[in-house]
Amino acid sequence: MKSLLKATVAAIAFAAAGSAANAADVKACFVYVGPVGDFGWSYQHDQGRLAVEEKFGDKVETAYLESVPEGPDAERAIERFAREGCDIIFTTSFGYMNPTIKVAKDFPDVKFEHATGYKTAENVATYNSKFHQGRYIIGQIAAKQSEAGVAGYIASFPIPEVVSGINAFMLGAQSVNPDFKVKVVWVNTWFDPGKEADAAKALFDQGADIITQHTDSTAPLQVAQERGMKGFGQASDMIAFAPDAQYTSIIDDWAPYYIHRVQEVLDGTWESHSSWEGLAEGHVVMAPYTNLPEDVVEMAKATEAKIKDGWEPFTGPITKQDGTVAAEDGVRLDDGAILGMNWYVQGIDDQLPQ
Amino acid sequence: MRIELVKRKEHSEVMVFLSPVIAVLLTALTAGIIFALSGLNPFEALYKFFIDPLTQTWSLEDTIAAATPLVLIACGLAVCYLSNNWNIGAEGQFVVGALFGSFLPVMLPGFESFLTLPLMLVCGMIGGALWALIPAFLKTRFNTNEILTSLMLVYVASLLLDYLVRGPWRDPDGFNFPESRIFSDAATLPSIPGTSISMATVITIGIALVLTVILTKTLKGFEIRVMGQSPRAGSFAGFSSKRLSLFAFGLSGALAGLAGIMVVSGEMNQLQPTISPGYGFTAIIVAFLGRLNPVGIIVAGFVLALSYIGGEGVQSAMGVSDKIASVIQGLLLFFVLACDTLILYRIRFSSRRAPASAEVSHV
């Protein structure tokens, strides 16, 4: 018994010493809304974290908390990191916005980076990616490949980022087939494989033969694979889960951004900003085009190249669902209009939940 | 061979107090084995999990903050469960309380006076109580099963919250994002000056103590316990089981609603689509771990909150999956229930057919 006690004391002392002797120059910490094993949103952020570790080695130490619910727990989790000596904290879900701002006020020396939000401060930057660029491309592919002329869209929450994704998908589809139809199911979750799979089944039963999703699990694509239907991956390359069903995937690649920002912290040049980059900068990456005929792959690659050259998918003519004009021919929507989008383009078979 | 649980003739008084301690030790032992199997130093992990949160002021305060809503909800649930009313829907009552309480700061943001906060808290209690009275009314009037109705109303409540923050109550300056406006200072529950312990904790401990007195020293407390243990005996004494159902549901709903508005006002300062990480359900565990006794519930709430904060601690320090924290919470509950069962029953191995007996339950 005595030796066990000794061992315990020794272990505790060792633990305390371990945390005190901190050799890294910078500690970068990450808060995830889902499990790192979701193979979607949080998984990709964690890939970014691992890339940071690989790049900087011993100079940077990282830590993360997964499955932190948006709500009262979020603030505690962020504050814990600030107290534990993190130099830069990445909070990777929209619902962490106000908790991030609140904690940042109390810890002016810590740098905060909030993904997908719109509030910044001296020590709070925001970052997001132009996912809608990828959605335009998959809209085109869907319109080319769909025999029914109907695609199903599994949507999470009616926030601007998701709405603009649906619209970009539809604009891409309409550029190929003006009569194309999109059916939307709102599942009100970012990650719930059961619910997402049910939504996919419902959309197939309603006549869609291609689905796409703005949720994080691989479940919808797995349903497509089982049923012999097609679909697109989300956030990560999901080809391993649906080798016959995935046409391509819109991959979020956070690694370049995370490495860049951690480097700036190391150099002492970090400043608050709002980053919103896309295909051109490599923050959004299209997975290899598979299960597609040659001409469709050519078309997708051409559009990808056009976007990388600076073309914006939200370029007029764009008509809203209610018939009013959103953008005249050749006019490009400004960033604010895209980032705050709360209307559908014409032709979407759904009412936007208001 | 079969294994049977046989009721003990009498149970040891000492073990009643020792059983939670044994359960915690067994949990720690098993958790240590799990940590070791996943390649971690079990002593360091256990230290981070159970001890480290108690060594720093901020993590202690975090633990208290996380325990507060659990304790408050569990106190109300204890009254329900003691009186044989199975309210499973505290999560929904929590949400509706938060909605009622938020009406003032969201719809009348200009109303800032010393009355704002008290009015919000009262509205929160009314909201939670009204939501809880629906299953109580259905039970007393139509004899419906309150477990089902109260549980189903949870989903109605969270969808109502979802609708409000995306629709009528959406922040006009919030770029269409699903959130209410931020509450003014007058609508924010303050902390005890000089600390970061919320007034919610003070209110909660006060309520728990008052409930202790009510349950042990008053006729109402006697009524609650009698009607729970023997409704027939209670009715001979002139107690009405219907009135008591309404009372118990109303009270537990009010306390859950109060917890809801205190979390929203004190911690979040606004409504969001999710305002609870499942407090209403976790509180059910807390109520039983605390043996349906308000003082026990304070201890149980603290232990459970510790497991959350400690779970975060090992995650951030050692890169352990968050699932391990859930496993350890599950282990704790399992061992507590197992130890409790062994106080009342003993295990008998027998090879013959056991005689049919009401006192034997098969596992």
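Just so it is clear, glycine is given a Cβ too, placed from its N, Cα and C backbone atoms.
What TrEMBL lists as transmembrane segment is B:21-43, B:63-82, B:94-111, B:117-138, B:147-165, B:197-215, B:244-265, B:271-290, B:297-318, B:324-345.
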Which listed range (B:94-111, B:117-138, B:147-165, B:244-265, B:271-290) shows the maximal number of Cβ pairs under 8 Å with respect to the transmembrane segment (B:297-318)? B:271-290
Mind checking which residues reach the transmembrane segment (B:63-82)? Cβ under 8 Å, same chain, six or more beyond either end. 53-54, 90, 94, 197-198, 200-201, 203-205, 207-208, 211, 215, 224-225, 228, 248-249, 251-256, 258-260, 262-263, 267, 276, 279-280, 282-284, 286-288, 290, 292-294, 297-298, 300-302, 304-306, 308-309
Tell me whether the transmembrane segment (B:94-111) sits in contact with the transmembrane segment (B:324-345), defined here as at least 3 Cβ pairs under 8 Å among residues 6 or more apart in sequence. no
Grab the same-chain neighbours of the transmembrane segment (B:244-265) for me: Cβ-Cβ under 8 Å, and only residues 6 or more beyond its ends, written as numbers and ranges. 68-69, 72-73, 75-77, 79-80, 83, 85, 87, 90-91, 93-102, 105, 117, 120-121, 123-133, 135-137, 139-140, 146, 150, 183, 187-189, 198-200, 203-204, 207, 223-224, 227, 271, 275-276, 279-280, 283
